[in-house]
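Everything on this sheet refers to the single structure shown next.
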Amino acid sequence: MALTPSTIACFPPRVTVVGSGNVGSALAQRLAEKNLADVVLLDVVEGRPQGLALDLMQARGIERHDRQIIGTNDYADTANSDVVVITAGLPRKPGMSRDDLMLINGKIVLEVTKQAIVHSPNTIFIVVTNPLDQMTHITWKASGLPVHQVMGMAGVLDSARFQTFVAMELGVSTSDISATVLGSHGDLMVPLPRYTTVNGISITELMDADTIEQLIDRTRKGGAEIVDLMKTGSAFYAPSSSTCVMVESILLNKCRILPVTTYLQGQYGLRDVFVGVPCRLGCQGIESVLELDLTEAEQLALHQSAEAVRQTSDRIEALLASS
Ligand code: TXD
């Protein structure tokens, strides 16, 4: 992989969060309160990002940090961002298919990327908007950046959900559990029990197959379970935590190994498709892709997951061509 020099020149780094809805505003708070970066919060809605930024600024003395939070509707204010996170989009409404949402959010993500890249030409993009794998593809193409500088957040969240359910089932600390979920962000995600461990012991040695299957099923439906409870809106605390840990690994060059949506070019026998796999995240973005040793069944599940993403690539290409 050809790596270009880091854009991170001096502290504090600057992170733009596009979309000041539930995920975007929670992420801005986490980034600032962890003292990780100055934050530019941008939205199309006038006043909302400015109001949220002022509110967050007024908490600084209490939270004891000095990060700047700027709210804006103008991309000029996002100039020289080290990382741009895209959370802008619309949620699915009753009667709307995933395809309808893909086109609506596809146009939004395309426009956001084109505007953001003008002011931060060597940034690193993290896409959060759904449908995740397809939106990440759009940002990669529209930005013209190398693949290691464009990635999607989903696997960290799906793994965190699996980790939580395993901890609840076993009655142990969540911190002692390391969970791995690969694949696309949706019903075909691929939780890997063999690579899910409690202090190094695989859960396949600690639970029976039926229990593991129930936890996997709950993980797959993790987002929907929260939507059903909340009635309006969807999860944002764990999604913003998940995005924050990716930003942190990049800005601090921590080189964490995290499941990230990336463009595969032969790894896992897959090519030219965005899908979630473990990656090493450092100051240049995706520093490398880790290839786990998968069983035939695990490999098949990953390929099926990737195939579902690939089936939509015509529509993504058509959208890009018409822009
Ligand atoms: O795991 C994951 N990747 C996800 C993805 C986890 C949780 C949420 N997931 C998706 O993220 C969700 O399905 C949505 O597509 C996005 C954002 O979720 P959020 O819950 O934050 O949605 P909101 O609260 O509706 O916020 C969206 C904001 C809102 O303020 C709009 O005004 C803004 O996006 N928006 C825009 N901002 C800038 N530019 C444009 N064009 C624009 N259009 C809408």
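The backbone N, Cα and C atoms fix where each Cβ goes, glycine too.
Small disclaimer: the values here were computed from a predicted structure and weren't measured.
Per TrEMBL, the feature active site, proton acceptor maps to His185. The secondary structure of His185 (active site, proton acceptor), as reduced to three states from DSSP, is coil rather than helix or strand. Taking Cβ-Cβ distances under 8 Å and a sequence separation of 6 or more, the neighbours of His185 (active site, proton acceptor) in its chain are Asn130, Pro131, Leu132, Asp133, Gly152, Ala154, Gly155, Asp158, Thr261, Gly276.
If you look up TrEMBL, you'll see Gly19, Ser20, Gly21, Asn22, Val23, Gly24, Asp43, Asn105, Val128, Thr129, Asn130 marked as NAD(+) binding site. In three-state terms derived from DSSP, Gly21 (NAD(+) binding site) belongs to neither a helical nor a strand segment and is classed as coil. The number of other Cβ atoms within 10 Å of the Cβ belonging to Gly21 (NAD(+) binding site), over all protein chains shown, comes to 19.
DSSP assigns Arg98 (substrate binding site) to a helical segment in the three-state reduction. Spatially close to Arg98 (substrate binding site) yet at least six residues away along the chain are Arg92, Pro131, judged by Cβ distances under 8 angstroms. Marked as substrate binding site by TrEMBL: Arg92, Arg98, Asn130, Arg161.
Each residue of the domain 'Lactate/malate dehydrogenase N-terminal' (14-152) gets a DSSP state, and the totals for helix, strand and coil are 68 helix, 25 strand, 46 coil. The domain 'Lactate/malate dehydrogenase N-terminal' annotation in TrEMBL covers 14-152.
Residues or ranges marked as domain 'Lactate/malate dehydrogenase C-terminal' by TrEMBL: 157-316.
For ligand 1, the binding-site residues lying close by, meaning a CB under 6 A from one of its atoms, are Asn130; the full candidate list was Arg92, Arg98, Asn130, Arg161. Counting other Cβ atoms within 10 Å of each Cβ, the binding-site residues Arg92, Arg161 show the lowest value at Arg92. Other Cβ atoms within 10 Å of the Cβ of Gly19 (NAD(+) binding site) number 25 in total over all chains. Calculated from their C-alpha atoms, the gap between Gly19 (NAD(+) binding site) and Arg161 (substrate binding site) amounts to 24 Å. A distance of 28 Å separates the Cα atom of Asp43 (NAD(+) binding site) from that of Arg161 (substrate binding site).
Within its own chain, Val128 (NAD(+) binding site) has Gly19, Val23, Val85, Ile86, Thr87, Gly152, Met153, Pro239, Thr243 as residues 6 or more apart in sequence whose C-beta sits under 8 angstroms from its own.
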